[in-house]
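In what follows, a structure is listed as structure tokens, so that the remarks can point back to it.
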Amino acid sequence: MPKIRIDNQEYEVPEGANLLESCLSAGLDLPYFCWHPAMGSVGACRQCAVVQYQNEEDTRGRIVMGCMTPVTEGAIFSLTGDKASGFRQAVIESLMLNHPHDCAVCAEGGECHLQDMTVMVGHRDRRYRGLKKTHRNQYLGPLVHHEMNRCITCYRCTRYYRDYAGGTDLAAMASHDHVFFGRHDEGTLQSEFAGNLVEVCPTGVFTDKTLVGQYTRKWDLQSAPSVCVGCAVGCNTVPGERYGKVKRVHNRFNAEVNGYFLCDRGRYGSGYVNSDTRLPYPGMRGAEGRFTALNHHDALAEFERLTVGRRVAGIGSPRASVEANFLLRSLVGSDSFAPGVSEQEQPSLQRATALMRSTPARVPSLADIESADAILVLGDDVTHTAPRVALALRQSVRNRAYELAADMKLQPWQDAAIRNLAQEQRSPLVSVTPGSTRLDDVAERTLHLAPGEIAEFAFAVAAALSGGDSAGNPEAAAVAQMLRDARRPLIIAGTSLCEEALLDGAAAVAGALVSREADGTRAPMLSLVVPEANSLGQALLCGDDAPDLATLTARAEAGEIETLIVLENDLYRRGTGEEIDRLLDAVTTVIVLDGMDSATCSRADLVLPAASAIESEGTVVSMEGRAQRYYPVFVPGDERHSSLYWLLCCLKAADHKHFVDINHVDEVIAACASAVPALAGIVDAAPGGSYRSHGVRIPRQPHRYSGRTAMRANISVHEPKQPQDEESPLAYSMEGLNRDEPGSLLPFVWSPGWNSNQSLHKFQDEVGGALSGGTAGARLIEAAGPTTVPEAATPSSIDAATLELIPRPAIFGSDELSARSAGVRDLMPDAYLELSVADAKTLGVEAGDGVVLGGSDTAFEVRIDPSLRRGCVAYAPGLNGCIGLVPRSGVSLSMAPDWKRRDADLIARDGQEGSLS
Amino acid sequence: MTELSTTLFGLLIIGAAVGGAAVLTWFERRLLGIWQDRYGPNRLGPFGIFQVLADMLKLLTKDDWVPPFADRFVFILAPTVIVIVMMLGFAVIPFGPELQVIDLNIGLLFFLGMSSLAVYSVLLGGLASNNKYALLGGLRSAAQMVSYEVFMGLSLMGVVMLAGSFSLRDIVLAQEGLWYCIPQFLGLVTFTIAGIAESHRLPFDLPEAEHELTAGFHTEYGGMKFAMFMLGEYVGLILICCMMTVLFFGGWMGPLLPPIVWFCIKVFVLICFFVLLRAAIPRPRYDQLMGLGWKYMLPLTLINLLFTGAFLLVMES
Amino acid sequence: MWEAIRSQLVTMWTILQHTFTRSETVQYPEEKPYLAPRYRGRIVLTCDPDGEERCVACNLCAVACPVDCIALQQATKEDGRWYPEFFRINFSRCIMCGMCEEACPTNAIQLTPDFEMCEYDRQSMVYEKEHLQIAGTGKYHDYNYYRVAGMAIAGKDKGEAKNEAPPIDVKSLMP
């Protein structure tokens, strides 16, 4: 590690870092704007200027940009010298020339990097007396608000949006002081990761639009470490709450999972917690069929009466925590507990889990995925099934550029230089899917095949890798060659197509890569995308023998089930309406524990309101097998309690022998870990409730949390005690210490002088590195199993004459919870069916026409995907109208009789907020 | 005096002492107000004198509450002790040539004995409250009283030696020519300081120092029991002033006016002086208080004794 | 020691001299003292010269408040103006320190020379926006925050605020 001297103080800095990173890592405050730890340096803003001296004798020195200066042994710098600080002051003064007097009405105020840096540099008085330049704003969709006047032209937004996230519709336009960052024409930002602009922008040009109507400053937000339950990636988040409402979600850094960025489903998908379809009180269905509200004591009594001593079955949920599912399974017995996924999905999920546990390849974290240098995507459009993985893949294709840069002895943070060098050269990514995907722009090769064919293709690649004859399939041979040439090849497949053979095929490719070369120079990775936040945890909990919904229906119809308990699950999204009706009709009593009103709740006899993931504690297992704990951000209102509470109370009332002495979340976790060997690791996901950092709890509120004596003064002027947290090491107050805690307990980032999210580096070992308290979560699937390569399986196939219904999830809409959130709801399309050009021609329909599925009278809008495999009809599960469609079933289509085309203009301009003139 | 008249006179003294103490609560506040450039209680009646009635009414109607964690018997006993012993102290005070409840030949010792017993009140009150502030107050009080008791008695020995008697009446009569405040000036100073400490008034109110101990030994007291502590304190103040009048300022003696008037005037002036002390002097630290007692006051009284003794020996020879 | 004794005696003498000085107390209910316009009493919310409410719900008063007795929630009007959906001051906690007024960037929150705020019921000390909002401009007559801020609102387009140039035409090629 080189030693450098800064202001006569010697520092040891990491090899290959730039000076700005080194200064920040050493705890020195050096202002900056354009540099970002995930995006490297371009030296655009000139804010991190320092003075470098040639040698000991040099007294004048010269000004260099910290972010563009590599640290070398013995280099001498000055941060505080007049020359450097004067230069920085001049730079910020010029950046502030046109900055409007907006802070009071700016959603960035109080966590603004520009405010922080202005204070840090010491610029106080505006000397400029001229006119400020102004800009018109653009409407950028329901998620991101644009206020161009505030821009300081650091170019972070376009660098993030275009270079990092691969978006195309946001750019820097015009020249000199007319530079404008926006779209060519007004409209919704197309990238699924546009929300990160809110965090990337150092000032208030891009702000969270869903926050602005109910705005709360950062210092007033109560927050706790949470995990996004929007998909199976398990991104770490920090939701912020005030007045009992979730205000916004920010990224919580996790070096191995989401890093600095979230997808828009994760960022904007928590609004469901504030939704008016939340259930506030337990409800008991009376004789006349109406629900009566109960208090929680009566509700518990009813719950016990309807459960204890009866023949009970339970349906869990892949979006509920491991603990809640475990308790329900303990209550009803493992052979009466269904995991709560659809009949089509369950075998795929079980297969995926088995393969992940047995594959000799590494099951990668997102950080591992970013290190891959050859990628084969099988089946899934990951941008829609596991969005954050897609953003990681966009980074992994850049590994070719970094290789080239290393040959040229360029440091990896030399962003502009590396992009210039690599141009369009990328690490190879091959996408084999039924239709076009959002990653096609970075794919070297795209193949469009039906699900069964994809599985066959995968086995062909595996065969080619194992030296088999691949002459008949040149594509497979080429892909095999690509994987063979890579050092860190990555195979990604998913359960979204409900095709077990496809998963087998992916595992076979990964297995073949491992067995082919055992010299350790190659580290193949196999990532299997599962659909929901805790799908994997649910599969690990239930094992392979868990009954599916059809089995339960059969047993119910045989009279073996009196009471059915449904945990946080809308069954009507897990099967056709007729199937679910049959199940619910066959049992005497239906008890539903859920946070939201749903079709299943309407069929229940007793509804217990469950707290959401943001109001409760629990563990979920992400698709990489990482168990992660989320903590309540606030105490749920009304009579809501976590499912864990309801179930544990019921278990104790039933005098269940294992649960008599269990009262604490930690004890439930421990019981779960000891009862289910596959889940033994969940105890290590986060410290237990008795953990204390420096002897005190970790505060959920920043130290300047305001309004404590007035917040609820309208209810009563007598202030109650702060709520006490009996379960977790966090406190519902500002008392405590947000320092040196494990990464899994980081409630928010703030450091003196660093009010914005850029203060994160104060919580990291070194800038951009892991959190100093350790990376959150515990991997349950770590060691590679024995080399078992699946045999070539026969993919399921349907009659070639009919069309096959292919589920292609949508980022906005396919997830049940986020679809009820304000911003996401606005972006949800109406139900549609995608057809290939050939099929559309056969049917005689064009894009925008309506079709009906054979046998039903629901009409769908037709979309044409030119790359869709012929014979496939794609739909987005979860959209209104698509609920109840059976994936992979054969269907016939016909023109909708009374279809009215929507006016195209109406769709394009749904919001008007001034226009470019 | 006959037995009946003695009894009546005793009752009169008790009434006067209690009444005096009650008025004193108002008077002290008014006086402090004057010295601190404000008014003090001035709203009720002429000059606010009915404030006394209002305070009494308030104290009498307050909930007579004993904390559940306290030692009930001792808790109730403690405030009564201080009132009783302070009242008994008045028995030996000669208010005039014939106005005395009982002229004990050990009158001075009786007074010292009674004032020493007062420490039990504070100590028991502090202990019985079962409260850390009260306990600390009680402890401080015990140490303070024991320390100041020592030279309080000694400071008076000069007077006794000059008068040749422990009878207060004799002592007053012995001051016919010269009040003892002149020859016994050191004795006066030390007795005054000891007197303040004994009645634990400001600046020596460390047992109840509100800045440190909430309200010290009477933290847990309220209503009538609290009132009795207060009564004890103010009666004690009057008693000390009476003793100073008797021992150093010639008791009832004075020209023209009747003896009892002279006595009252002297007592009144001394009370004003005590209030002035309260208005002017800050509370010392606890170690300073003890240091003052043992390191300065005790030697001073001993020196005073030595000189008085030497003076007497020289006079005799 | 002597110095200490002298000091105590001097103190006593000084205090004794105060027997003859006038009392500083003002006999309040009978005799009302003069209160300057900037006296720190009951808090009001004012309107700008155009008659619109000045408060933009920036939360700075709430965070400046040392006793945390101000709570509010921001909301947005049609034209983009920010305003408080509710604005609550718990006067039973307020210490009339005036920090909120100092912090206010829009001169909305102002303290007035009215301190007579007695209530038998503590709950009545909780003032909501309708109790706080007045129709006038209070002590500062001319200031209008939106005339200096860059945000566009109804009646003030981009570039129409003080010291602002007209909006840039990004499609122009002129230098």
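Using the three backbone atoms N, Cα and C, a Cβ is placed for every residue, glycine included.
No curator has checked TrEMBL annotations; they are predicted automatically.
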Task: Site-mate of C:Cys55, C:Cys58, C:Cys61 for [4Fe-4S] cluster 1 in TrEMBL, selected among C:Cys97, C:Cys104 - done: C:Cys104
Open item on the list: Using only what TrEMBL says about [4Fe-4S] cluster 2 binding by C:Cys94, C:Cys97, C:Cys100, identify which of C:Cys47, C:Cys65 is listed for that site too.
Closed with: C:Cys65
Task: CB-centroid shell, 8 A cutoff, [4Fe-4S] cluster 2 site C:Cys65, C:Cys94, C:Cys97, C:Cys100, site residues removed - done: C:Ile43, C:Cys61, C:Ala64, C:Pro66, C:Val67, C:Cys69, C:Ile70, C:Ile89, C:Ile95, C:Met96, C:Gly98, C:Met99
Open item on the list: Give me the CA-CA distance between C:Cys100 ([4Fe-4S] cluster 2 binding site) and C:Cys61 ([4Fe-4S] cluster 1 binding site), in Å, as a whole number.
Closed with: 4
Task: Proximity to chain A among binding-site residues C:Cys61, C:Cys94, C:Cys97, where any Cβ pair is under 8 Å - done: none
Open item on the list: Within the domain '4Fe-4S ferredoxin-type' (C:45-75), count helix residues (DSSP H, G, I), strand residues (E, B) and coil residues, in that order.
Closed with: 5 helix, 9 strand, 17 coil
- [ ] Restricting to the domain '4Fe-4S ferredoxin-type' (C:45-75), report the mean pLDDT as a whole number.
- [x] 94
TODO: Taking Cα atoms as reference points, rank the binding-site residues C:Cys55, C:Cys58, C:Cys104 by distance from C:Cys65 ([4Fe-4S] cluster 2 binding site) and give the first.
DONE: C:Cys104
- [ ] Give the number of CB atoms, excluding that of C:Cys100 ([4Fe-4S] cluster 2 binding site) itself, located within 10 Å of its CB.
- [x] 24
- [ ] Let me know how many other Cβ atoms fall within 10 Å of the Cβ of C:Cys65 ([4Fe-4S] cluster 2 binding site).
- [x] 25
Task: Secondary structure content, the domain '4Fe-4S ferredoxin-type' (C:85-114) (per DSSP, counts of residues) - done: 5 helix, 9 strand, 16 coil
Task: Nearest of the binding-site residues (C:Cys55, C:Cys58, C:Cys61, C:Cys104) to C:Cys94 ([4Fe-4S] cluster 2 binding site) - Cα to Cα - done: C:Cys61
Open item on the list: Let me make sure I understand the structure: which of the binding-site residues listed (C:Cys55, C:Cys58, C:Cys61, C:Cys94) has the fewest other Cβ atoms within 10 A of its Cβ?
Closed with: C:Cys94
- [ ] Counting other Cβ atoms within 10 Å, pick out the least crowded of the binding-site residues C:Cys97, C:Cys104.
- [x] C:Cys97
Open item on the list: Nearest by CA distance to C:Cys97 ([4Fe-4S] cluster 2 binding site): which of the binding-site residues is it, out of C:Cys55, C:Cys58, C:Cys61, C:Cys104?
Closed with: C:Cys61
